Amino acid sequence: MRTTTSAASRETASMRIMVAIKRVIDYAVKIRVKPDKSGVETSNVKMSMNPFCEIALEEALRIKESGRASEVVAVSVGPAQCVDTLRTGLAMGADRAIHVEFPGTLYPLSIAKILKALVDAEKPGLLLLGKQAIDDDCNQTGQMIAGLLKWPQGTFASKVVLDEENKVATVDREVDGGLETLCLDLPAVITTDLRLNQPRYASLPNIMKAKSKVIKKLTPQDLNIEIRSDLEVVQVTDPPKRKAGVILSSVDELIDKLKNEARVL
Amino acid sequence: MQKLFAVRSLTSSIFKKHYRHAAAAAFSTSLLFDDTQKQFKESVAQFAQENIAPHASKIDRSNYFPEDVNLWKLMGDFNLHGITAPEEYGGLGLGYLYHCIAMEEISRASGSVGLSYGAHSNLCINQLVRNGNAAQKQKYLPKLISGEHVGALAMSEPNAGSDVVSMKCKADRVDGGYVLNGNKMWCTNGPIAQTLVVYAKTDMTARSKGITAFIIEKDMPGFSTAQKLDKLGMRGSDTCELVFENCFVPEENVLGKEGKGVYVMMSGLDLERLVLAAGPLGIMQSCLDVVLPYIKQREQFGKPIGEFQFIQGKIADMYTSLQSSRSYVYSVARDCDSGAVNPKDCAGVILCAAERATQVALQAIQCLGGNGYVNEYPTGRLLRDAKLYEIGAGTSEIRRMIIGRELFKEQ
C-alpha cells in the first residue's frame, strides 16, 4: 500500500507517530475519597490505560497498518507502575515505549514540557493523545504541548484522515455546535474523542511478543526538566448527596423556587 | 465524569466496548502470576465477558450454543484453542498455566462454553499435540485450532464409566486398518465434533494393554451420534452417545501405537484434570461476581445485607475457597509446565476445586435468598454447572482412590 514514487510520500511513509498515554484508575472502579480528604483512594485499586489514550493508540496503529507510518512509540510519564500500562500498549501493537519516571504529582503543564523534550528527541510526524484523562478531566495537555511546539492542533477528533502526499491531516472535531472540520499541516497534535474508533483487544500472541519489546527509561532530569507544581490541592470531597425531588403544585410555586431557592432567575 | 459514563453506556450498547467486571478489582492474583500472565488473564477476561457472558443464560435455557454468533470461530480468532499447540499449526506454543488461565476466564463467563472449550482444546487438541505423528498433526490441528472444526474425546461407555478400562468397544484388525463396533457415552461435543479421539479395545483379553487410541472423523461410514443428552447442568455443552457400527478406521489414524492406548489415556487424564480444574475456579469467581454487588444493593432491616456478620462469613468462606483452590491449581500447572507431572496433584486439584465450587455455588444461592432460587438470577445455573466437575474427568471417588492409593504405595 506504500507509494514510493514521490519524495514526499517516501518521507511520510517513514513517519513516526508518538502516542502519550496515562495510567489512571480503571473506569469501572467505584471511586472513594480518602478519609483525610487529601485525594482519592488509589492503593489496591485497579489501574488501567485511560480510555481516550487507548483510542489514540488504536488510531496510531490503524494509521501504521494502512502504510502511512512506520513506527508507533508509546510514551508515559509517572510512577514505576506506568510500565504496566506501556506493556498493554506494546501488546496492542506499539513498536516501542518510553517511560519517564516520576513518582510525585504531575500537572498538564509539566507533562507537556516533558512531551516537548521527547518530541524534540524522537521527531514524530504526529503526536496523538486522549482528549482528557478520566481522573482529573483536565483536557489541557494536548493543547499545551501544541502551544509549546508551535504545532497545529486538532482536538476532540472524531475522524482523522491523513494525506501523506501533501503532508496534511483532515480532522473532524466534535464541538458544541456540531462537527468542525480542520485541515492541519503536519507535524501536528491531535487529541482523540470517544467516537473516533473502537480500540482492539490486546491479542494473546501480541501479549507474548510484547515481552521482548523495548521500554526505554528516563527521568525528568535526563530531559533537563524541573517538575514544578504551581497548584496545591487543598481538599478533595465527595460531591454533595443528591437530595430528593419535590413535587410542586403550581407554576407560581415553581417560579418562586427558581427565583428564591435555586436563584437561576 | 458523569457525562463520560452516560456516553459510555450509550456507546457500550452500540459498540459492545470494554466491559470489565468491577469485581475483578477485588481479587489479588499477584501471588500467582507475572505481568505477562496477568495481561493474558485480563485480555481473555475482557474477551469472555464481552463475547461469551451475554449468551450464558440463553445457552442454558435453550440447551444450544447461540445461532447468531459462532463462538468456536470467535474463540479461534482470539487464539484460544491452540494455547498448548505448536505455532506451526496456528497455536501459541505456551504451557498449561496459560491454558488454565484461559479456561478459568471462559468458564467464568459461561460454564457450558468453558466445558466444551476444555474438551475441544485439551481433550482433543492437546492429545493430538502430545501423541500425534507429523502427518496427523498437519491434517487435523490447523482446522481445530482455527475453530473451523470442533474436537471431542470419547472413552467412557454406557457400562464403563469409572471402570473405563473394562470398555467393550471393539476394534478388529482388517486389511488397511480397523473396524470399530460399540458405543461410547457422555461424549462432550459429540454431536458437533468433526474430529474425535476415541479409545477402543484391539485385544479384548488384554485388559488395559488391549486399548488403542484412534482418530475418528465425523463422516466415516459406520460412525453416528445418538441424540443429545438432556442434562442437569452444562446445558448447551452438547453431550451425546456415539455409535460405531462396522466403522472402518484406516491404519494411519491410530493415535500412538496399537495396544498402547492406555498410556495415551492415563497421561492425558492427568493434564485433563489439571486444565479442567480451572473450570470450577471460573464458576467460583462468577459466584462472587454475582454475590458481592448484590449484598451491597439488597437492604433489609435498614441496611445492606452485606453488613451482617452471617453474610460476611459466607463471602469470606467463598473467597478463601476460591483463592486456595486457585493457588493449588496454578502451582500444579507450573510444575506440569516444567515437566513434573504428578498424578496425585493433578487429581487433587480438580477434586479440591470441584467440591469447593459446588459449596460456593450453594452459598451463592443462599446469599441471594429467595432471588437465588429464581432462574432469572444466574446462581441456579452456577450450581448446576459446578456439580458436573465432581463427576466428569473421573469422579471425586476415583480421584480420592488415585491419591490414596499412590500415597500408600509410596510408603
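Cβ atoms are placed via backbone N, Cα and C, with glycine included.
Bear in mind that TrEMBL entries carry predicted annotations, made automatically and left uncurated.
According to TrEMBL, the features are:
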DOMAIN    B:35-148  domain 'Acyl-CoA dehydrogenase/oxidase N-terminal'
DOMAIN    B:152-247  domain 'Acyl-CoA oxidase/dehydrogenase middle'
BINDING   B:153-162, B:186-188, B:Arg298, B:Gln309, B:366-370, B:395-397  FAD binding site
BINDING   B:Ser162, B:Ser208, B:Lys209, B:Tyr263, B:Asp270, B:Leu271, B:Glu272, B:Arg273, B:Ala393, B:Gly394  substrate binding site
DOMAIN    B:259-407  domain 'Acyl-CoA dehydrogenase/oxidase C-terminal'
ACT_SITE  B:Glu272  active site, proton acceptor
Integer Å distance between the CA atoms belonging to B:Ser156 (FAD binding site) and B:Lys209 (substrate binding site): 17
Cβ contacts of B:Asp270 (substrate binding site) (under 8 Å, same chain, 6 or more positions away): B:Cys336, B:Val341, B:Pro343, B:Cys346, B:Ala347
Number of helical, extended and coil residues in the domain 'Acyl-CoA dehydrogenase/oxidase C-terminal' (B:259-407), per DSSP: 122 helix, 4 strand, 23 coil
Pairwise Cα distance maximum in Å, substrate-binding residues per record: B:Ser162, B:Ser208, B:Lys209, B:Tyr263, B:Asp270, B:Leu271, B:Glu272, B:Arg273, B:Ala393, B:Gly394: 22
Helix, strand or coil at B:Lys209 (substrate binding site) [DSSP, three-state]: helix
Assigned conformation of B:Ser162 (FAD binding site) - DSSP reduced to three states: coil
Largest tally of Cβ atoms lying within 10 Å of a Cβ, found at which of the binding-site residues B:Leu153, B:Ala393: B:Leu153
